[in-house]
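Right, one structure below, let's go through it.
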Amino acid sequence: MEGFNATIFAYGQTSSGKTHTILGNKTDPGLFQLVSNQLFQHVADQVDKRYLIRCSYIEIYNEKINDLLDKSNQGLTIREDIKGNVLLDAREAVVDNVDKVMENMMQGKIRRVAATRMNERSSRSHTISGLFWSRKMPIRKMDLYI
């Protein structure tokens, strides 16, 4: 919230609870939902400011990157800009509450599991879920005299 980036990295063997720790379920929220709750509470407390909040969800499997929020699920292309920043053309869904964030994450999770047999894929794939927010600058009313 103060202009810093953060990363949460879940590491462990297959079926050790990494996905559950990050995404959780309806009765036991994961870290992604807990962070989203804090973010939207912060936004609600800032009545004089406006924010744009987006989420993304990608999977890396067999050296291919798939966008789990894109129904066509076409492979993504990795590019570098002139500063060396890595860019993906992943979909970033605009969300306005925690439920929409989690709805996107669960749809991505369903798409990932449906793609092939769960255990075979889960042990060799990696997912990256992102939550991005930016403050919008207010538009000030100005008078124009001609």
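A Cβ is built for glycine as well, from the same backbone N, Cα and C atoms used for every other residue.
Annotated features, as they stand in TrEMBL:
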type    : residues                                               : note
BINDING : Gly12, Gln13, Thr14, Ser15, Ser16, Gly17, Lys18, Thr19 : ATP binding site
DOMAIN  : 1-146                                                  : domain 'Kinesin motor'
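Here the features listed in TrEMBL are painted onto the structure.
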residue : record           : Cβ within 10 Å
Gly12   : ATP binding site : 9
Gln13   : ATP binding site : 8
Thr14   : ATP binding site : 10
Ser15   : ATP binding site : 12
Ser16   : ATP binding site : 11
Gly17   : ATP binding site : 11
Lys18   : ATP binding site : 18
Thr19   : ATP binding site : 17
Provide the three-state DSSP residue tally for the domain 'Kinesin motor' (1-146): helix first, then strand, then coil.
44 helix, 39 strand, 63 coil
